[in-house]
Structure formats: C-alpha cells, structure tokens
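Per TrEMBL, these features apply:
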DOMAIN    18-408  domain 'Major facilitator superfamily (MFS) profile'
TRANSMEM  21-41  transmembrane segment
TRANSMEM  53-72  transmembrane segment
TRANSMEM  84-101  transmembrane segment
TRANSMEM  107-128  transmembrane segment
TRANSMEM  149-169  transmembrane segment
TRANSMEM  175-193  transmembrane segment
TRANSMEM  225-246  transmembrane segment
TRANSMEM  266-283  transmembrane segment
TRANSMEM  295-314  transmembrane segment
TRANSMEM  320-338  transmembrane segment
TRANSMEM  350-373  transmembrane segment
TRANSMEM  379-401  transmembrane segment
C-alpha cells in the first residue's frame, strides 16, 4: 500500500493491527527492562548473599553478553517476519522467567540475566521499532510514538502489580505469573500479525532515503563521522535511566523513603512519558527529528539534579515526572532519527549496531554505580555528574545536526 499522511483516527483505524502488535511487544519488553528487574535487586542480593558491587557485576556481564548476541541477531529483522521473531522472543523470555521461578544457580545467574536482557530489552524493543520504521514513512513519527506507548503502559502497571505479587506469593513465584503473561502475548502478536506486511515488500514500496538521498549500509554508517558524534548523547538516555532505576532500592534507602512510596509515583512517570512520546512523535513529523533531538536530554539533566539534591517525596515525584518527559521524547526522536538520517533499506542492520552498543552501555551503568557505591562514592554525586554530561550532549547534538543538515 502507498502510505500518505492521513487524519489521526483514520490512521489508527487502518493500521490498528500492526500498531497493536508493536504496542504489545514494547509493553511486554518491560520484563527485560532494568526498571522491572531492579525491583528484585534486594531479594536477589539477599537470596544469593551478594553485595551491591557483585550484583552490579553479574548484571553487567549478562547485559554485555546480550548486547553481543544482539549485534548478530538484530539484522534478522531485514529478512524475517516480525510475527516469527516477536513470538520467538516472547516464548524465550517466558522460559527465562520460568527458570527464575524454578531457581537459577548463582553461577548461572549471568546467563539468566543475559536471557532477560536479550529477549526483553533487546529483541522486544528492536523488532517493533525497526518494523514500524520500515512500514511507515509520512506518519513514521506518529506510528513509532504509538507503538512505544507500550513502554509507558508497562512501566506504569507491571511494577506496581509485581511489587504486590512479591509481597503475597514471593519474588520467585511472581516470575511464573510473568511467564504466563508472555505466552499469552506471544499468541496475541501471532494473531494480530497473521497477515503481516512482508518487510522485503514494504521496503520496496515505502522506502525512504536518508542523507544525500541515499540508503546507507551498516559499513557506511560506521564510517560516517555523524554516527560517532551522536552516539555519546544517544546512549546517555538509556545508560543514565538504567542506572537510576537499577539503583532505586539504594536511592530510597539513602533518602529515607520506601520502595512502595517510590513506585507509587510510576503512574505520573507514565503519564508524562506518554504525553511527551506523542508530542515528540508529532514534533518529529512536523519539524524533523534533527531539530527536536538537541532538546531531548534537558529533562534528564533536571531529573537527575533534583534526585541528587532533593530530600522529600516531592523530589522523588518531580524527578520521575521529568524522567518520563525525557523517556517519551527520546523514544520518539531516536526511533525516527536513524531512518531520517540513514534511510530504511538497511534499517535493521543499522539499528542492530545501535541496539548492541546501547545494551553494552547500559551494562556499564549498574556495574559502575554499584562499584562506586561500594567504594564509598555518594550516589548523589554520581547523579550530578550524569546531569552535567547530559547538558553537554545537548550542545553537541545542536552543533552536529545543524552542520550535517547544512551540508546534506
């Protein structure tokens, strides 16, 4: 089908099947996201008798391994149907959840973390983003924003539900519930995509070029200066968010809050995440992702500063609200930026590199912050350093993207 810009309700009605499948993938990716896994940090450390640093190292090893695997598996989205890939990822994630339920030996804990991160954060984030980027052109920002509201829905509901489940049935038994939900999700996605668009056909019909009216290959992207200049800013959002949520149990201990009080503000986080995701997608369609990108890290810098300096629960609420605003905007911008810059023909292979690098980088956040906490470096100082870095990257984005658009 030839896509054209169309009214909002008509767009949703005509594309509900594909958008709904993407939404389900991103929602269920929550089970492999740090914000969810971190809910189990205290229980895991207590069960296995390990320190903050040891748990951070295990998490880092598992996440690094998943990133390496993602580097090779990510390009499969250029040739294999999303229905097959997404169903397989959900089933794989369900099996890992059942393994936690049965009891993972300490020496295999990095392998279990690798499974959670690869199938959850990696595959169930990569597949819907690449597929949506290929299937839509004129409405790409709107489509990606719609699909990625699944992240916000998962972050708003699943942590609250599973914190309650942990209190009632225990942390290991709660993973059995996660496995059931994932298997239901696999069946749902398979049903929604039963007449899925073939990505090989979609590329021919809906392809859009990048800079210099060219479809960039992975090799060309990696040899282009812009990729490496933007990379430090692109990874700031997932790295710092991952570190923040991974250490949320430590943060509430330092501030004198409770984990239940802290996660009670997740709905506010979600509300701002959804609002900024939709607004960010619309802004990218209207003004271009290159004009929106320099602003996406500003809320992150403010959130980290408030979390570092604030002492009351209002500071916790405001920091989560700002993190939500940043998360939504960044998801819309980053999902739109790569096809805008480098085209759609090789989007799966190009984004696989970015996903792998992002996973590698997010592995470092929990590991480094955990070691620094063990070494006596105040977590508040670490948050302030992250905020300063984020502000610097805003300036880098503005300079680099202004220059490349002027010469394209």
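The backbone N, Cα and C atoms fix where each Cβ goes, and this holds for glycine too.
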Within-chain partners of the transmembrane segment (107-128) [C-beta distance under 8 Å, separation at least 6 from its ends]: 21-23, 25-26, 28-34, 37, 44, 48, 58-59, 61-63, 65-67, 69-70, 73-74, 77, 82, 85-86, 89-90, 92-93, 95-96, 99-100, 147-148, 150, 351-352, 355, 359, 362
Region pair the transmembrane segment (320-338) / the transmembrane segment (379-401), three or more CB pairs under 8 Å: no
Intrachain residues whose Cβ lies under 8 Å of the transmembrane segment (175-193), provided they are six or more past its termini: 17-18, 20-21, 24-25, 27-28, 31, 81-83, 86-87, 90-91, 93-95, 97-98, 100-101, 162, 165, 169
Surrounding residues of the transmembrane segment (53-72) on its own chain - C-beta under 8 Å, 6+ positions past either end: 37, 41, 44-45, 109-118, 121-123, 126, 246, 352-353, 355-360, 362-364, 366-371, 373-374
Proximity of the transmembrane segment (295-314) to the transmembrane segment (379-401), 3+ C-beta pairs under 8 angstroms: yes
